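Participant: Below is a structure I'd like to ask you about.
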Amino acid sequence: MLDIRLFREQPELVREGFAKVGRDPGLVDQVIGLDLKRREAITEVERLKAERNAGSKDVARTKDKAERDVKIAAMKLVGDQITELDAQANAIDLELHNLLLDLPNLPLPEVPVGKDEHDNVVVRVEGTIQEPDFAVKPHWELGEALGILDFERGVRMSGTRFFVMKGLGVRLQRALISWMIDMHVDQHGYTELAVPYLVKADAMVGTGNLPKFADTIFHIEDTDLWLIPTAEVPVTNLHREEILDKAQLPLRYVAHTPCFRNEQMSAGRDVRGIKRLYQFDKVEMVKMVEPATSYDELFSLISNAEDVCKGLKIPYRLLQLCTADLGIATVKYDLEMWAPGMNEWLEVSSCGLFGDYQARRANIRYRPEAGAKPEFVHTLNGSGLALPRVIIAILENYQNADGSVTVPEVLRPYMGGIERIG
């Protein structure tokens, strides 16, 4: 949620930002109009309350009963006006609040302006794409042949976009999760969390998933519970409605969770394999920091995610996302791993800085110094990394001519020393 003062003091800045992300700049005028009506109503209520207070004192001083009754009746009318105006102010406040919840964040000046994902900018490519002397297979062929991916049974029990992982495939995923979390905790200084997979609507509002993305989230019927689309939601809401001490910052958390997304997928797009699913696992990094340090913390976050890519020795690239692909971030970078069997780059991490946009919605603040007025923290999050796309990259980059898959060296201690699948 944006600070209302931006609309009052820098409306042109907000209009420009909305235009860049494809939202109607006219929304700024709606906000300003509602804010003005609300403030006028509040001012009038305060004036009437002062009038009522003065009138009440006057009534107390009036000894003539008839005159006192007239003044009491007049004060009752004032009270009725106050009640009516209070209701109007509350209705306007709710309308304004709901409008602000639906508005996007503002992109930083350095974010490239674009119309869609094709306008994202490749910052750099790391690693060398290998060209083996045999026909590279896609992961779905490898996985089925190795007996570690079962698509038929997954679809039979749950429908399209579901699969069953078996045997060493599961062990590979567990190894990845443990290795990634150990890296983030031991090397990068994160605190590991185990969080609920179901959260209330308020938590979804806090991270910006509601109301805008309601149709992409699974809701438990007849309850106020929603399945999390990412650990970002429960982890960010850990400090909802709290005032932190400056000494507690920065807070760096990491969590592994399943993620559930009711994405509307185009028929025929990415039908095969495990690239696009309604349920998948992910390791997520979340930070809550002082505003002055948030930009530096973003590149530290990206570096933390890159360390996973480097450890696996899989070619990857870093992209800066354009204004059309930011979501609710103010600046965002993606990491994509090369998948030779699919002949494409796969997003495995999206690292974003949100400024105080989420903190304002979730009311997460900190006190810069003892006795000082609380201020909103800045939040950041990024995948560290997303599964099962990392598994796709491992299967397709580490496959051998005989159909087996070499286990990346860093994962072998987590797999009991197993060096090869198949």
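Cβ coordinates come from backbone N, Cα and C, glycine included.
Okay, these came from Swiss-Prot:
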type	residues	note
BINDING	Thr230, Ala231, Glu232, Glu284, Ser383	L-serine binding site
BINDING	Arg261, Asn262, Glu263, Glu347, Val348, Ser349, Ser350	ATP binding site
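Walk me through where these features lie, including what they touch and how far apart they are.
Facilitator: Spatially close to Thr230 (L-serine binding site) yet at least six residues away along the chain are Thr257, Cys259, Lys282, Glu284, Asn381, judged by Cβ distances under 8 angstroms.
Neighbour density for Glu263 (ATP binding site): within 10 A of its CB lie 13 other CB atoms from the protein chains shown. According to DSSP, Glu263 (ATP binding site) is assigned to coil rather than to any helix or strand.
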Participant: Return only the integer: C-alpha distance in Å from Ala231 (L-serine binding site) to Glu347 (ATP binding site).
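Facilitator: That separation, Cα to Cα, works out to 17 Å.
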Participant: If you count, for each of the binding-site residues Glu284, Glu347, the other Cβ atoms lying within 10 Å of its Cβ, which residue has the minimum?
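Facilitator: Looking at the binding-site residues Glu284, Glu347, the Cβ with the fewest others within 10 Å is that of Glu347.
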Participant: DSSP on Glu232 (L-serine binding site), three-state: which is it?
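Facilitator: Assignment for Glu232 (L-serine binding site) reads helix.
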Participant: With ATP as the bound species and Arg261, Asn262, Glu263, Glu347, Val348, Ser349, Ser350 as its recorded binding residues, calculate the greatest Cα-Cα distance and give it in Å as a whole number.
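Facilitator: Farthest-apart Cα atoms in Arg261, Asn262, Glu263, Glu347, Val348, Ser349, Ser350 are separated by 19 Å.
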Participant: Do any residues at least six apart in sequence from Ser383 (L-serine binding site), in the same chain, have a Cβ closer than 8 Å to its Cβ, and if so which, in order?
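Facilitator: Same-chain residues close to Ser383 (L-serine binding site) (Cβ under 8 Å, separated by 6 or more) are Lys282, Val283, Glu284, Met285, Ala305, Val348, Ser349, Ser350, Cys351.
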Participant: Around the L-serine site formed by Thr230, Ala231, Glu232, Glu284, Ser383, list the extra residues of the same chain whose Cβ is within 8 Å of the site's Cβ centroid.
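Facilitator: Here the non-site neighbours turn out to be Val233, Val235, Ala255, Thr257, Cys259, Lys282, Val283, Met285, Val286, Asn381, Gly382.
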